[in-house]
Amino acid sequence: MEDETLEDGPEEEEEDEEEGTAEETNQDVTERDEEEEAEKDEEEDKEEEEEAEKEEPPPHMPLSEEMLRDGLSLLCKTGNGLAHAYVKLEVKERELTDISVLQSFIHLRYVDLSQNSLQDLSPLGALTHLLSLRADHNQLVSVSGLGELPYLQVASFAQNRIKSLQGFGHPRLETLNLIGNELRDLEGLECSNLSSLHTLELRSNQLLSTAGLNLPSLRELYLGQNNISRLEGLEALVNLTTLHLRDNQLESLDGFSEHLQALQYLNLRSNMVAKLQEVQKLYCLPRLRALVLRENPCEEEEGYRMETLIALPQLERLDKDFFEEEEKREAAETKKAREEEMAEPGEKGN
């Protein structure tokens, strides 16, 4: 089992729409933004429904034999190759509150318990062969009870009530989805516990800062729809290629680091950046190719596109539109003329 890989581990449902690589067409970008708007509306509707459900505790509903019969699938050989066992379980929308019976199903590799009423996942700590775990839309306030699952690669706990990540650590975890929880800080996200993590979804939480992201292996980070007003601790994200910060409270772009050498896509849409000169603070990002700044006050400044390109000549796209070759030439000429003009007083003095 040690060399087992996640063959059908599903990708994060919502992350592709935000990646925004430089190869995208304008149509791709437009379609992705439209999907994101519809998805955001859907999430808000679900949150309202869940708030109404929080008032009274759910009735006790254990996982029954009938539910197990309906949910088990994918018969495979066990680790020693001498027997067979079901390795996949899907039990959704059954109002489950108790899954203690699963402690004995040690061969399970793929588990989906989404849309139930679970508050405790600790019985799954016995499933040491688990590769993929989904428990979206439950009533979890913590995920520390899982212990360490040595082979877990995909985990999704979207739309719960998780307030803390203390004690959460799985050495082979690659993708973690925590959309729509109640996290106020990122304490507990340590490299020593999550050394393989490359995609982290934290949209729609209550984060105030980015401090605590000590995850050098991370490549994609989604922090949209939070309350972030300060960018801190980003210097540890040396392999990050995609950073999504839409719908936050950023007024300045302080906090970006020259250590972010791999960053290619940055989404700052719908923040509070008032001055276009803040863009100059992104010059330390040598591989930045796509920048989204629309719905910030600075978008209204005269020469918005041209001044951004002058400050960041490596950019290929601003918001939805790619830069034309003519724009790039004009920006380069304008920058050169300004530099020569600034140098003239010194030359005259000599």
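Here the Cβ of each residue, glycine as well, is placed from N, Cα and C on the backbone.
Look at Swiss-Prot and you will find 1-54 tagged as compositional bias 'Acidic residues'.
Confidence annotation: the domain 'LRRCT' (296-334) carries a mean pLDDT of 97 in the model. Per Swiss-Prot, domain 'LRRCT' is recorded for 296-334.
Residues or ranges marked as region 'Disordered' by Swiss-Prot: 1-64 (among others).
The region 'Disordered' feature in Swiss-Prot is assigned to 325-350 (among others).
Each residue of the repeat 'LRR 4' (172-193) gets a DSSP state, and the totals for helix, strand and coil are 0 helix, 4 strand, 18 coil. The annotation repeat 'LRR 4' is assigned in Swiss-Prot to 172-193.
Residues of the same chain lying 6 or more positions beyond the ends of the repeat 'LRR 6' (217-238) and with a Cβ under 8 Å from any Cβ of it are 14-15, 18-19, 40, 191, 194-211, 244-251, 253-257, 259-262, 267. Look at Swiss-Prot and you will find 217-238 tagged as repeat 'LRR 6'.
Residues 18-22, 219, 224, 238-254, 256, 289-298, 301, 304, 307-308, 311-312, 319 of the same chain, all 6+ positions outside the repeat 'LRR 8' (262-283), place their C-beta atoms under 8 angstroms from a C-beta of that stretch. The annotation repeat 'LRR 8' is assigned in Swiss-Prot to 262-283.
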